[in-house]
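Student: Have a look at this one before I ask anything.
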Amino acid sequence: MTFRTSQPRSSPSSRSKGEQIALNVDGACADETSTYSSKLMDKQTFVSSQTTSNTSRYAAALYRQGELHLTPLHGILQLRPSFSYLDKADAKHREREAANEAGDSSQDEAEEDVKQITVRFSRPESEQARQRRVQSYEFLQKKHAEEPWVHLHYYGLRDSRSEHERQYLLCQGCSGVENTELVKSPSEYLMMLMPPSQEEEKDKPVAPSNILSMAQLRTLPLADQIKILMKNVKVMPFANLMSLLGPSIDSVAVLRGIQKVAMLVQGNWVVKSDILYPKDSSSPHSGVPAEVLCRGRDFVMWKFTQSRWVVRKEVATVTKLSAEDVKDFLEHMAVVKINKGWEFILPYDGEFIKKHPDVVQRQHMLWTGIQAKLEKVYNLVKETMPKKPDGQSGPAGLVSGDQRVQVAKSKAQQNHALLERELQRRKEQIRASSVLPGIRIKEEPMSEEGEEEEEREVGEDEEPMDTSPSRGLHNRLANGLPAGRAAGGDSFNGHPPPGCANTPVAQELRAFVEATFQRQFVLTLSELKRLFNLHLASLPPGHMLFSGISDRMLQDTVLAAGCKQILVPFPPQTAASPDEQKVFALWESGDISDQHRQVLLEIFSKNYRVRRNMIQSRLTQECGEDLSKQEVDKVLKDCCVSYGGMWYLKGTVQS
C-alpha cells in the first residue's frame with residue numbers, strides 16, 4: 001500500500017528547494033507523466049510494509065478512567081518515506097548527458113550508418129511461461145505502477161471525525177459487575193488473553209541449524225544439546241562443555257552423552273566423523289561419499305592421538321583424498337604452523353585424564369579398534385606406526401614436529417657408518433669387475449680438499465643438493481650421505497647412473513615425483529628438494545632412497561615423469577636462488593584442464609608476472625571458447641599465486 005500526502009511549504013527557502021527538486025525530476029517541460037505537475041515538490045510518498053505475519057497476539061490498548069480497553073489487531077503496517085523521485089532525477093540526468101555526447105560526436109555525419117537488424121517472430125506463450133511472467137518481479141512492479149491513485153481526505157488527531165472513530169476502541173455497555181472473567185488469577189487471565197499459538201508450536205524447529213540460541217538450546221533434551229554444541233564447535237574440553245550446559249546439569253549424564261557423539265583426543269573431545277558427514281551425504285569439494293570421508297577424518301583424529309603434529313601431505317598420501325577435504329579435516333581440530341605442520345588446536349587436558357580414568361580406558365579400547373580398521377583399509381605397516389602412549393598418560397608421549405625431525409637425523413647418523421661400509425664394498429666390486437688394461441680409475445678423494453676438487457671437476461653436470469639446516473636435515477648429510485658424496489656425478493652412489501630407469505631406486509624416486517606433481521602441478525627445484533627431504537624423514541632407516549640422490553638424478557626423473565621445465569624470465573634484480581629459478585610443471589595430468597594449463601605455462605615462459613585479464617583473453621583465444629570464471633579460477637589455483645594484483649607461477653614470487 002502506498003500513500004501520497006500533500007504538504008504545502010510556506011518559507012521561501014523551502015519553496016525554492018521544492019522547485020529545484022521538481023525541475024530535476026520532471027525537467028523543464030511538464031506533461032501528464034510528470035511527478036510534480038505544479039512544478040513544485042508539494043507531495044511526499046509513503047510506502048507500507050508488513051511488520052509481522054502473525055498479529056493474533058497483538059492488541060491496541062486505550063486506558064481511560066481506570067479501565068484498560070483492548071482491541072485485537074488483524075494487521076499492522078509500517079509507513080516509510082519513498083525516494084523513487086531521486087531515481088527518476090538520476091535517469092533524467094543520464095539521458096541529458098547521453099544526448100549531449102551524441103550531439104557532439106555526430107555533427108559531421110550526414111547520415112547514420114547502416115546497421116544489420118535481426119528479426120525474430122514470437123512464439124505462442126505457453127501456460128507455464130505465462131505463470132512465470134505473471135509471478136516475475138518486473139510484472140508485479142509494472143502492475144503496481146499502473147494502479148490508479150485513490151484520493152483520500154486526511155483528518156487530524158483532534159478532529160471531531162477522529163474522535164468519533166476513537167470511541168470504537170472503547171468497550172460499550174460493559175460494567176465491572178457483569179464481567180466475571182477477572183475473578184481468575186493473573187496468570188490464568190494472561191493465558192486466556194494470549195493463548196499459545198498452535199501454528200508457532202508446529203513450525204518451531206527441532207533444533208537450531210547454524211546460529212545457536214542458548215535460550216532455545218536449553219529447552220531441548222540433554223543429548224540433543226550436547227550433539228548440537230559438538231557439531232558446531234568440533235573440539236571442546238569437558239570443562240567448557242559443562243559451563244555451556246549450566247551448573248544444574250549432572251556431569252555423569254554429560255559424560256554418558258558426550259561419548260555417543262565425540263571421541264577423546266589428548267584429553268579433549270572431538271566430534272565424531274559420522275555426526276559431521278551423515279549417511280548418504282558427500283563431499284562438497286570432490287563428491288566423495290560420506291563413508292570415505294569418515295574414514296579419512298578418523299585417520300586424522302587417530303594421528304592426533306599419537307602426536308601433537310600432523311603433516312597434511314602424509315594424510316593426503318595415505319587417505320587418497322583431495323587436498324580440500326584433508327584441509328577441512330585439519331581445520332576442524334588443528335592450526336597450521338609454518339615449516340612444522342598442523343598442531344592440535346587445544347592443549348593437552350591432563351586434569352580430565354587423571355579425574356576420569358575409566359572413560360580414558362574405554363576410549364583407548366575404541367581407538368584400538370579404529371586403529372585395527374585403519375591398518376586394514378590403508379595397508380599401514382605396524383613397524384612404521386608410532387606407538388600409542390598408554391591411556392594417553394600425559395604430555396611425555398606427545399612428540400612435536402621438531403622432535404620428529406631430530407629423531408630422523410639421529411637415525412640417519414646411526415646408519416651412516418653402515419651405509420659407508422656398504423658403499424665402499426660396492427665400489428670395490430665395481431672396480432674389480434670393470435678395470436681394463438691401460439685404464440686407471442680415479443680414486444675418490446676423502447679429504448675436504450679432495451671433495452672440493454671433485455665438485456669442481458663435476459662442474460655443471462651435477463649440482464650438489466643443498467642440505468643446509470634451513471632445508472630441514474643436518475648440514476653434514478645430503479639425502480642420507482655426506483654432502484661431498486651426494487654431489488658426485490659418477491655411478492658410485494649406491495645406484496647405477498640416472499639413465500638406468502628400471503632400478504628399484506629409480507622407480508621409487510619416480511613414484512615420489514609423480515605423486516608429488518599430481519598434487520602440486522608447479523614446483524621449483526628448491527621446493528621439490530624440501531618435499532623430498534620431508535619424505536626421507538618419514539621413511540624407515542635403511543630405505544633404498546637413503547643411498548644418495550643427486551640434483552641431476554632428481555631433475556632427470558622429473559623430466560622423465562612427463563614434466564617440463566618452464567624458463568620463467570626472472571627480473572635481473574631478483575633475489576631468487578638458482579634452485580628457486582628452476583621451475584618444473586606437470587604438462588599432462590589426464591584431466592580436461594590440461595590444455596588450459598599448457599596455455600598458462602606458455603604465457604609464463606615469456607612473462608614473469610601477468611594480469612588476470614591478459615590470462616583470460618589468451619585462454620579464450622587459444623582454446624576457442626569462452627571459459628567460465630570457475631574454469632579460469634581452477635587453472636590459476638593449480639599453477640599460480642596472486643600478489644599485489646598480479647599473478648605469478650607458484651614459488652617464483654619475491655615479496
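Cβ coordinates are placed from backbone N, Cα and C, and glycine is handled just like the others.
The following feature annotations were taken from TrEMBL:
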COMPBIAS  1-15  compositional bias 'Low complexity'
COMPBIAS  90-99  compositional bias 'Basic and acidic residues'
COMPBIAS  446-465  compositional bias 'Acidic residues'
DOMAIN    387-655  domain 'DNA-directed RNA polymerase III subunit RPC5 C-terminal'
REGION    1-23  region 'Disordered'
REGION    90-127  region 'Disordered'
REGION    436-501  region 'Disordered'
Student: Give the mean pLDDT for the domain 'DNA-directed RNA polymerase III subunit RPC5 C-terminal' (387-655) on the 0 to 100 scale.
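Tutor: Overall, the domain 'DNA-directed RNA polymerase III subunit RPC5 C-terminal' (387-655) comes to a mean pLDDT of 69.
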Student: Please report, as numbers and ranges, the same-chain residues at least 6 past the borders of the compositional bias 'Basic and acidic residues' (90-99) whose CB is under 8 Å from any CB of it.
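Tutor: Same-chain contacts beyond the flanks: 24-27.
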Student: With DSSP, how much of the compositional bias 'Basic and acidic residues' (90-99) is helix, how much strand and how much coil, in residues?
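Tutor: The compositional bias 'Basic and acidic residues' (90-99) comes out at 10 helix, 0 strand, 0 coil.
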